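What TrEMBL says about this protein:
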type	residues	note
ACT_SITE	138	active site
ACT_SITE	292	active site
ACT_SITE	322	active site
DOMAIN	60-206	domain 'Alpha/beta hydrolase fold-3'
DOMAIN	250-325	domain 'Alpha/beta hydrolase fold-3'
């Protein structure tokens, strides 16, 4: 439908997608005090439980998904209310700038600036500065990993208590990992869309998408360098049982690499951060879905974190697909596995 509208000149696919996903305003929540504010000029929505608390609460910074292109405070309103209510936490949902109008590093910078503002003002919200968690799904999860890595090396802030990564996308070197082939046509994220969104965020357009999908955008020596982290060899065998066809490597195209070389920037692809950064990261929760092109990104990051001595809680939805959490109570219905996934996040929060 979006493509038809684009061809007829009525609106772009992206505009149509945003309209469909915009969410709607909800009424008052009897258990939460909700207000829209700005942190360092970044729009945020703050959810605070109304119930009295014995001490300072934990704080959560939530970065929504949507491929850096879609999503808003309203889109994730029900998810954020649920997380804040059920975990009895102060939650800050961040409205970062969207691509293609705002390219990398706009989303990352907005989320980092909002996080720093919140961490400097935790007492204003009754939050324990030693119990602040970053959380995101899909593209938002990538941002939370990048923010977590940035803050890991800083001594002027309390260390983040944890990071929660929900079906994360963490690299753009290899769109041919097993999960990309097994789930290439599974909604809500097709293989081509994953590359399309990454390119929109990086460059503001999706030129060279086919070359990126084929893998001709990365120099052979760089592919070799990162093979220790981005490789099917690091994925447990049980995830490679479902039809995986090894692709013949394609020839490297230097001019394509010139347009996408920032894909090797860890703030864009957190899976490529050096061990010196990774081993400083806080306790982590990773949720993956079996029927998701990004499943293997989560599995590879789980291994990297564990190899660097970081404690990881992993929750895998055998019957889950990409985006299932965002469909919680969507138009009055929920997928049972999405509710299980959301509750696994709540349980992890309560365990901190």
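Every residue gets a Cβ built from N, Cα and C, even glycine.
Heads up, TrEMBL stuff is auto-annotated, nobody curated it.
Spatially close to residue 138 (active site) yet at least six residues away along the chain are 65, 66, 67, 166, 167, 168, 169, 189, 294, 322, 323, 326, judged by Cβ distances under 8 angstroms.
For the domain 'Alpha/beta hydrolase fold-3' (60-206), the mean pLDDT of the prediction comes to 95. Spatially close to residue 292 (active site) yet at least six residues away along the chain are 167, 179, 183, 186, 189, 320, 321, 322, judged by Cβ distances under 8 angstroms. Residue counts for the domain 'Alpha/beta hydrolase fold-3' (250-325) under DSSP, helix first, then strand, then coil, are 32 helix, 19 strand, 25 coil. In the shown protein chains, 28 other C-beta atoms lie within 10 A of the C-beta of residue 322 (active site).
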